[in-house]
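Annotation comment: TrEMBL describes Gly42, Gln43, Thr44, Gly45, Ala46, Gly47, Lys48, Thr49 as ATP binding site. Sequence annotations record features per position, and here TrEMBL assigns domain 'Kinesin motor' to 1-297.
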Amino acid sequence: KEYTFDGVFDQESNQKEVYEDVGKPVLKDVLQGYNGSILAYGQTGAGKTHSLLNSGMGVDGKPDPKQAGLLPRLVAALFVHVGADVKHVYTVEASMLQIYNEQVDCLLGDDREKAQGLQVTGKSEVKGLVWHKCKTPNELLQCFQKGRMNLVYAETKMNKSSSRSHAVFQIKVSKRPRALDKTGTKGGKVEMKATFGKLTVVDLAGSERIKKSGVTGTQLKEATNINSSLLSFGNIVQALAEKKKFIPYRDSKLTRILEDSVGGNCKTSLLVCCSPSAESSDETVSTLEFASRAARIEITATINE
């Protein structure tokens, strides 16, 4: 069976190519005032977290900027653009949350108790989520580094550091024209039209076969919740692809938070990671089927003013 996608990366592809094809177009849209999302989907151990979040470390543990993932590259490119645009004033804010065992936790809040068990209100909004204003790329990366330290990881037979929660990184970018001293108007009003873009980067926890990953106890509960929320996400993608009238967004916390990304006013890229292992052929086929359905979803996005 053949599958058709917008792009394919083989084992020779590098992180820069992935950014150029997947990240750069979405960032360009966000800077124009659109909402943009990048989601990484695939089985555990297939390379999602590496592709999205690698901070620039090589496999030997030594710094290697070429290995930097999508998120650090997006942050760097965002501030390069902000610094070069002298006609506009930008405000950049960041938040980070995880969905762990169907519970939404803010990862940037100082009070860990208050940061847990947050409620999803309205369309993809989370009540009590902490947002940090960031003026430099280092500030923004430090925010995400702090959040990553609070993420839940565990070792399974399939992955030494398997993500046990879905991680959602959000960056809000507001842009307005810079008010000049000499406007050339005598007491007249100057229209200051602002645009607001939101970039959402989602590292979905990997789907896994319980038999293969060998998890028990707490990790078994985690895996069950992960697989359940990914199933709900898959149902939504199928319903949107088939243009059904009812879309079951309320089936899980993950789908409620991603409602805006997959079915709303948003330009979305899906990075699907597959394992080359023959042992994982069943998971690879189901992952490709999922991606093929997702490619049929039509989204109409408008600029937020």
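Note that Cβ sites are derived from N, Cα and C of the backbone, with glycine treated the same way.
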Segment-level pLDDT (mean, integer) for the domain 'Kinesin motor' (1-297): 85
Ala46 (ATP binding site), number of other Cβ atoms within 10 Å: 25
Among Gly42, Gly45, Gly47, the one of these binding-site residues whose Cβ has the fewest neighbouring Cβ atoms within 10 Å: Gly47
